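What follows is a short report on a single structure.
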Amino acid sequence: MSSDTSAHSQSQGIAPSKPPFWRNPRVHALFYQVVLLIGVFVFFGYIFHNTVVNLENQGITTGFGFLDQEAGFGIIQSLIAYTPASTYARTFAVGLLNTVLVSVVGIFLATIVGLIVGLARLSKNWLISRLAAVYIETFRNIPLLLQILFWYFAVLQALPSPRQSFSLGEVAFLNIRGIYLPEPVFESGFGVVFAAIALAVVIVAALAKWAHRRRMQTGQSFHTVWTSLAVLIALPGLAFAVMGAPLGWSLPSLQGFNFTGGITVIPELAALVIALTIYTASSIAEIVRSGILSVSHGQTEAASSLGLSTGKITRLVVLPQAMRVVIPPLTSQYLNLMKNSSLATAIGYPDLVNVFAGTTLNQTGQAVVIIAMTMSVYLTISLLISFFMNWYNRRSAFVEQ
Amino acid sequence: MHEFEKHPDLPPPTSQMGVVGWLRKNLFSSIPNSIMTVIALYLLYLTIPAMVEWALINADWVGSSREACSSDGACWVFIYARINQFLYGFYPVEEQWRVNLGAAIFVVSLLLLVIRGVPGKAWIGGFTLLIFPVIAFFLFSGGIFGLEKISTSNWGGLMLTLILSTVGIVAALPFGILLALGRRSDMPIVRALCVSYIELWRGVPLITVLFMASVMLPLFLPSGVNFDKLLRALVGIALFQSAYVAEVVRGGLQAIAKGQSEAAASLGLNYRKTMALIVLPQALKVVIPGLVVTFIELFKDTTLVSIISLFDLLGIVQSALTDPSWLGFAIEGYVFAGLLYWVFCFGMSRYSMHLERRFETGHKGS
């Protein structure tokens, strides 16, 4: 098209008149960008100058030096060894790990609940689909912070004291101090079971690869799912039996006024996970629903006219196509959950924002460094996950003819 | 010859029509379905009557102190006693007509905007976006025209929630549009700056932005300049929200066919005119439903300001729950606040869906 017109004007022998340089769009673009860049530099320079002056007036020397100082405060839940004598760098690590813990557990549970509710929403059963709709519309339209506070203050803080705990078959207990669960204790010889599990996973991966290649070459299918399941259960089970069941349980038991033994899930963590799961699941359910609805009915019909069974239609035709629609919004929900876990600070769960941007900031006054570090942690995780997802998206994108 | 006579059609079998037919089709079509129906009905039987009993039948409705709450149902007396605070915060009672007047003007102009067929929508829109905020600011804070000055630290409750969310979106809109245009610009430096801005704010949680606004903003300004906590929170919200608005607007810009701007260019319009007269009017119409969704998110997110101790609706309910003379009514408080939030959010999301259907003109993108 453009080459046509230029050829045309050339054949007429009329060269287009050159605009004066101040009307040249490229000069304009350069001018605007230079002005913008200068503006941005001046703005940041001004802010930087003010900050330095203000910090000087307050007598705060900014920098990373404070990270080596002793923190001097306790944290109610820590995945790594931590005492009040640890450094501020350590509080950063503890907070980060607690954020990661809540995010991973939340993402896992929200995906499961969201998938179930999303499928229920599509159910042919009128009652089930209505109930799923009520769930989605209720929890999606109430602020997450309110839900977190509700679970923490109205539900978990209203539980009885340790002496009157609710018990589940005398192995798990629920009271105002948290949830007490039995803890597995690995005795000597359990390493063999772990090895068996690892071996089973390797075998299953090889099996899947082999089955896929065979199907591509010969068209014959193989019961990968059932065989894998059998391998995954049988191999570790066999090892477990041979080694003489090397697994014990540490049960929580009431000693005086509190429970000892077992795993304790503090109520802050429980409230946060419950609220994040319920809230995010309502969005995930909608994503799952729209993903499945986006696969046109003709696909299902074509598959069944080729003689595929219902299960195979879902697994081989509908789901792979639905996944393409589901993955991008699902990623952003995962990122939202990770970012929303920072609301932990409202109920005192020791996540990154609470222990680092909260307590540590108040004790040291290092506002600039601490807020910048906290923000960059979230930013880094967000960017990493979106890069990974973009890569996955490109890989699984529909190849159009 | 025998004449064949047409019999009248038989009615469909009773199992296929009416209530029985509906039940068979929708609730008991197969054995697993029937089992699920029965389980669901049983769960409903367990929860619904208990909830109705707690919230309505056994509830206490009248009274003025916690002694009125003697039954084991909900104590709505608590809400009733506190309702003024929940709606207006610590705004003096005799001055609350100012808030009501502002709200009334806002509701009327919104209604005029929403109802179809009202002439002069551009003017009404301009009034709501540009003039009304100024009027509302002077009306609420006072200090001129003989109105008593009321500090923003007295603003609270539902009033503050609405102010935060509307001011947040109105302030974010123009900036968000500029960012969206910048992100689609041909100039590499402009594009890079806009992309970094958008990704930076979208990558961090709002709570860290609010912390930043309340702790770091005073450091950024020349010493001696100090402004209000509410304004700091608003700056944080507007910066944060503009990135989200930008992404929504970008979606709208992408949906406008390239032919539109090419046609504008061939008519000799420059970039500014092409955008202002051709592309943006179409793009903004497409993104209105998306903007409403963004607004709902912001409306829910304003609850976070209670963490930096501003008393929005949730903040003030939360503080009322710790009042020693009303301890133990947390569920009532949260249910009330939740219901208010739900009504707003659900209403707006329905409206956004309605708009989406109405704007469906069938030539999206190309």
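Note: Cβ is positioned from N, Cα and C throughout, glycine not excepted.
The domain 'ABC transmembrane type-1' feature in TrEMBL is assigned to B:158-352.
Same-chain residues lying 6+ beyond the ends of the transmembrane segment (B:34-57) with a Cβ under 8 Å from its Cβ atoms: 27-28, 73-74, 335. The transmembrane segment feature in TrEMBL is assigned to B:34-57 (among others).
What TrEMBL lists as transmembrane segment is B:97-115 (among others). Same-chain residues lying 6+ beyond the ends of the transmembrane segment (B:97-115) with a Cβ under 8 Å from its Cβ atoms: 88, 91, 121, 124-125, 127-128, 132, 135-136, 139-140, 142, 147, 159, 162, 166, 351.
According to TrEMBL, the feature transmembrane segment maps to B:122-145 (among others).
The annotation transmembrane segment is assigned in TrEMBL to B:157-182 (among others).
Under the heading transmembrane segment, TrEMBL lists B:203-221 (among others).
Summarising the annotation, TrEMBL assigns transmembrane segment to B:275-296 (among others).
Here TrEMBL flags B:303-321 (among others) as transmembrane segment.
Taken from TrEMBL, the feature transmembrane segment covers B:327-348 (among others). Long-range contacts of the transmembrane segment (B:327-348) within the same chain, counting only residues at least 6 positions beyond its ends with a Cβ under 8 Å from a Cβ of the stretch, are 55, 66, 69, 74-76, 78-79, 86, 158, 292, 295-296, 299-300, 303, 313-314, 317-318, 320-321.
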